[in-house]
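What follows is one structure encoded as structure tokens, with my remarks underneath.
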Amino acid sequence: MGLVPESYFSNSRNVLNLYFVKVSWGWTIVLLVPFIYYSNLYKKSHTFVLRRLTSLVVATLIWYTCTETFFYIEDITGICYESDTMQISRGEIPTKAACRKAGFIWDGFDISGHSFILTYSSLVIVQEMVPMLHIPRSDRNIRLECLYIALNAIVAIWIWMFGCTSVYFHDIIDKILGTSCGILGWYVTYVVWYPMPISPGPIHCRAVSICLDQGGSPCYSGAYPGDSEMLTEFSWDDQNIRRIFIRKVYTILMLQLSVTAAFVALFIFCEPVKYYIQANPGWYWASYVVFFITYLTLSCCRGPRRQFPWNLILLVIFTLSLSYMTGMLSSYYNTKSVIICLGITALVCLAITIFSFQTRIDITSYQGVLLIFCTVLFICGLVLAIILPFGYVPWLHALYAALGAILFCMFLAFDTQMLMGKKQYTISPEEYIFATLSLYLDIVYIFSFILQLFGTPERE
């Protein structure tokens with residue numbers, strides 16, 4: 001048995017691989033074409049919508065060029081083997097297709113096409129879904145809402161299958177190159193070329209006149225250079241700007257939580273993956289280092305936090321590292337207890353969010369209370385760390401977990417009201433990355449403390 005035992009998803013003929021990943025670009029195009037059409041009708045110009053749809057032609061050309069290049073590299077670097085040791089002359093069977101057709105084995109430099117297409121498709125879909133953040137709910141229809149839900153679902157499948165590909169298929173260098181090509185393809189398409197005047201038209205509005213719908217409210221203010229200047233033309237007290245800002249933050253937050261939930265599900269339901277991560281704790285510490293560096297960068301450095309696309313790239317890296325850590329923590333607990341704790345966390349966070357939006361109490365003015373709780377939690381954690389080498393004290397650990405859960409519930413209410421505005425302390429709409437980061441950390445920490453408090457450790 002290898003380090004990672006076989007499972008249903010280690011078989012390349014699993015349902016998701018056969019009917020989704022193998023035709024992943026087809027799924028992406030089928031869902032994106034109608035979504036782009038309906039989400040860009042606010043311009044009331046079919047010429048504009050057509051220009052937006054031509055962006056998918058460019059994306060398809062990039063996908064086709066990359067995949068054909070991967071096939072070509074594998075053909076020119078490969079050798080056909082009749083068996084593990086018997087090599088066949090390259091002149092007789094020069095390509096992978098001919099070798100496979102003859103029933104032999106082809107050994108070439110195989111850049112992971114799955115890693116590429118899953119990465120590229122996910123980034124393209126997320127990028128094209130951005131306008132949904134800025135379409136007033138009154139202007140949406142059932143078709144647009146259904147397409148939006150379907151696109152989020154397909155991204156979740158791509159993320160899941162990317163994790164399975166990372167564990168079961170290809171060498172590490174093949175997967176890194178495939179993923180890098182996917183990120184590079186997205187970057188060249190949306191960051192380098194689309195903002196140019198000769199492009200089909202970027203997703204973000206080129207001028208304030210485009211950014212105003214018929215009611216005079218801004219239809220879009222995305223994470224692109226110049227957006228902060230656009231926002232300064234509207235007061236932060238304006239309800240439209242506030243709604244746009246809150247929608248943007250919560251949409252990004254939902255994507256982050258979806259990724260974290262996918263990691264947790266993969267690590268608790270897939271026994272081979274659980275075995276692998278527990279047998280290799282070095283990945284956890286590497287994730288912790290990445291988490292710590294990206295957290296400090298996003299929290300303390302205003303430039304990277306506000307500059308697109310580096311702010312989103314850092315946020316993605318931060319999310320992946322913290323998701324890995326959360327998934328590994330969950331793998332040491334009973335599956336049922338993890339699911340129960342996830343449910344408790346969801347209900348608690350929903351209740352706190354509703355309370356923060358509805359209450360007249362200004363929680364942002366209670367910074368002193370938060371400081372006291374932080375101090376108590378720090379002292380409790382320090383005592384626990386000192387005592388732990390001499391023996392485990394269950395009641396002290398439970399006290400620490402309870403204090404941590406209460407503290408971060410308070411932080412969640414505090415950060416939610418900071419997001420809302422009109423309190424003693426508010427957060428600028430330009431700081432959507434910082435707002436998302438704060439809420440995401442609060443929720444993940446609430447889950448981790450609730451898991452420590454109510455979770456049942458898995459017996460060896």
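Yeah, the Cβs are placed from backbone N, Cα and C, and that goes for glycine too.
TrEMBL does not curate its annotations; it predicts them automatically.
Among residues of the same chain six or more beyond the transmembrane segment (20-41), those with a C-beta under 8 A of the stretch's C-beta atoms are 48-49, 52-53, 55-56, 60, 63, 114, 117-118, 121, 124-125, 128-129, 131-132, 135, 141, 143-144, 147-148, 150-151, 154, 157-158, 161. Marked as transmembrane segment by TrEMBL: 20-41 (among others).
Tertiary proximity for the transmembrane segment (53-73) is limited to same-chain residues at least six positions away from its ends with a CB under 8 Å from its CB atoms, namely 25, 29, 32-33, 36-37, 96, 108-111, 113, 116-117, 120, 124, 178, 181, 185, 188-189, 193-194, 199-201. Per TrEMBL, transmembrane segment is recorded for 53-73 (among others).
Per TrEMBL, the feature transmembrane segment maps to 147-170 (among others). Same-chain neighbours of the transmembrane segment (147-170): 4, 9-10, 12, 16-17, 20-21, 24, 27-28, 31-32, 34-35, 38, 110, 112, 114-115, 118-119, 121-122, 125-126, 129, 132, 178, 255, 258-259, 262-263, 265-266, 270, 272-273, 276, counting only residues six or more beyond its ends whose CB sits under 8 Å from a CB of the stretch.
Annotation comment: TrEMBL describes 176-196 (among others) as transmembrane segment.
Residues annotated as transmembrane segment in TrEMBL: 249-270 (among others).
Summarising the annotation, TrEMBL assigns transmembrane segment to 282-301 (among others). Packing against the transmembrane segment (282-301) from elsewhere in the chain are residues 311, 314-315, 317-318, 321-322, 324-325, 328, 433-434, 437, 441: each is 6 or more residues past its ends and has a CB under 8 Å from a CB in it.
What TrEMBL lists as transmembrane segment is 308-325 (among others). Long-range contacts of the transmembrane segment (308-325) within its own chain (CB-CB distance under 8 A, at least 6 residues past either end) are made by residues 187, 191, 223-225, 227, 252, 256, 259-260, 262-264, 283-284, 287-288, 290-291, 294-295, 297-298, 433, 436-437, 440-441, 444.
Listed as Cβ neighbours of the transmembrane segment (337-357) (distance under 8 Å, sequence separation of 6 or more from its ends, same chain) are residues 261, 264, 268, 330, 363, 409, 412-413, 416-417, 420, 443, 446-447, 450-451, 454-456. Sequence annotations record features per position, and here TrEMBL assigns transmembrane segment to 337-357 (among others).
Per TrEMBL, the feature transmembrane segment maps to 369-392 (among others).
According to TrEMBL, the transmembrane segment annotation covers 398-420 (among others).
Within the same chain, residues 223, 245, 248-249, 252-253, 256-257, 260, 295, 298-299, 305-306, 311-312, 315, 318-319, 322, 326, 329-330, 333, 337-338, 340-342, 344-345, 348-349, 397-398, 400-402, 404-405, 408-409, 411-412, 415-416, 418-419 sit at least 6 positions outside the transmembrane segment (432-454) and bring their C-beta atoms closer than 8 Å to a C-beta of that stretch. As annotated by TrEMBL, transmembrane segment applies to 432-454 (among others).
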